[in-house]
Amino acid sequence: MSTYDLIVIGAGPGGYVCAIRAAQLGLKVACVEGRETLGGTCLNVGCIPSKALLHASHMLHETHENFEKMGLMGAKPKVDWGKMQGYKAETVGGNTKGIEFLFKKNKIDWLKGWASIEAPGKVKVGDTTHETKNIVIATGSEPASLKGVEVDNDAGIVVDSTGALSLPKIPKSMVVIGAGVIGLELGSAYARLGAEVTVVEFLDAITPGMDGEVQKQFQRILAKQGLKFVLGAAVSGVEVEKGKAEVKYKLRKDDSEHEIKAECVLVATGRRPYVAGLGLDKVGVALTDRGFVQIDDHWQTSVKGIYAIGDAVPGPMLAHKAEDEGMAVAEVIAGKHGHVNYDVIPGVIYTTPEVASVGLTEEAAKESGRKIKVGKFPFMGNARAKALFQAEGFVKMIADAETDRVLGCHIIGPNAGEMIHEVCVAMEFGASAQDIALTCHAHPTCSEAVREAALACGDGAIHA
Ligand code: FAD
Ligand code: NAI
């Protein structure tokens, strides 16, 4: 048994980043992880494996849909699912091993096993209780369950995101329950791999919380790619018979009951914080009414010396939000001033084209009572996007009408997830739309569309 300055529980992007930053700041750190590998949900069964499948399926789609258009002729590739799974596993493995290397480099002890908190300053792993000055809970989240639906990832018929990443075969048909980020990313990957995909969503629009115009255009683009949508539909149950699933749902507008059969059903109706087995009630760590760990402005829980970050606490369930909190709380524990700007956390959906947003939507900006300007620029006016066959989207910039300060930006377009960052930096610096408009952007890049949207907030875009 050793005594530590900090024990972090959970080695996802929140926990491992926190451990590394704390070690860099001179603290003696251990990180407890119960999984076989480091990296949490994100590296093992989340961001990284899903992006590998999205990339591979995008490449396939390019060969089938766009290669001939560019004069690239020849046999079209077929999918070897086992090999594609191997590529995914290798991508994941390379990254989880990378975290192990970083732990060694920063002299962080990986305590292998599942932790519980015995008391402030005491963390039990297996039969050993470790002493520590501070504890950070970074235990993440798990898929939320849906009444009437039993998930069995091993059988591969009714699955959650973890099961969907490792299906035994590519299904001919798939019903996705929930048109959120997981449902649309994995749904579009399987659609490109040949599955007939139907997305059943409770609300009347896809991707809840996104800018309304983006929601509509995104749905149009996905529908053109072959995804079918049933909106305003509450799923009441899924039955499995003879290896096929039947999804039952009720349309909210008229209460009519319907069902769809499919080889595979992906349940993607949200995630909930995971704090099971930590013994939080015993030590008096308070939870919110939705089961998240309650924290103050410095990520401290209701118990002094016990902090919490990432998916286990309120806020967007995003890896980079968890990482930022991990760095910030390490700095607070080391006696510095950790800070996270929650107004500038980008969100990206890694479909093709990508969808990215930061800051206020048009609806939220109007609701806040501000006078706003909206500058929009379609990728149809962007030469590079046209060459990439990805010109159906747009950039929409929202600025304060009085001060011109950028309040938000929403992009559907090629590499939107990369492009959004110039707006994030601008917002961090309190920039105006004119600041972006006056910044020289290289040609021909898709980022020119961001500048054009900024110009459209002022005297007008050039190429629109
Ligand atoms: P986690 O990554 O969940 O890590 C928590 C870790 O704690 C786990 O490894 C768990 O085993 C461990 N743990 C829990 N309890 C204990 C205990 N008692 N003792 C020891 N260890 C414990 N976000 C993005 O930003 N971009 C994306 O592209 C993206 N894609 C996603 C795709 C999918 C399919 C899914 C499911 C999620 C995706 N996310 C994405 C969300 C992202 O994975 C999470 O926001 C992120 O992983 C949260 O990080 P975290 O450190 O809070 O928790
Ligand atoms: P989500 O909250 O994004 O979407 C869930 C959807 O399911 C909602 O649209 C909801 O209305 C719908 N729904 C709920 N109950 C339903 C029912 N009974 N019938 C029909 N529809 C129903 O959750 P999701 O997609 O599961 O993702 C979980 C989290 O993971 C998200 O918070 C997201 O931040 C994170 N994530 C992030 C990614 C990224 O950043 N690219 C990728 C994947 C996940």
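We count from 1, first residue shown onward.
Glycine is no exception: its Cβ is also placed from the backbone N, Cα and C atoms.
Together with Gly178, Ala179, Gly180, Val181, Ile182, Gly183, Leu184, Glu185, Glu201, the NAD(+) site in TrEMBL holds one more listed residue from Gly113, Gly121, Gly270, Gly277, which is Gly270.
Between Cys42 and the candidates Cys31, Cys47, TrEMBL records the disulphide pairing with Cys47. The residues near the NAD(+) site, meaning same-chain residues not in Gly178, Ala179, Gly180, Val181, Ile182, Gly183, Leu184, Glu185, Glu201, Gly270 whose C-beta sits within 8 angstroms of the mean position of the site's C-beta atoms, are Val176, Gly187, Val199, Ile206, Thr207, Ala268, Thr269, in sequence order. A distance of 12 Å separates the Cα atom of Cys42 (disulfide bond) from that of Ile182 (NAD(+) binding site). Taking CA atoms as the reference points, Glu201 (NAD(+) binding site) and His443 (active site, proton acceptor) are 40 Å apart. In sequence order, Val199, Val200, Glu201, Phe202, Val267, Ala268, Thr269, Gly270 are the residues of the chain that are 6 or more apart from Gly178 (NAD(+) binding site) and have a CB within less than 8 Å of its CB.
For ligand 2, the nearby binding-site residues are Ile182, Glu201, Leu318; that is, of Lys51, Ile182, Glu201, Leu318, these have a C-beta under 6 Å from one of its atoms. Cα spacing between Lys51 (FAD binding site) and Ile182 (NAD(+) binding site): 11 Å, rounded to the nearest whole number.
A helical conformation is recorded for Cys47 (disulfide bond) in the three-state DSSP classification. Ile182 (NAD(+) binding site) has Cys47 as its nearest neighbour among the recorded positions Cys47, Gly140, Leu318, His320, His443, going by CA to CA distance.
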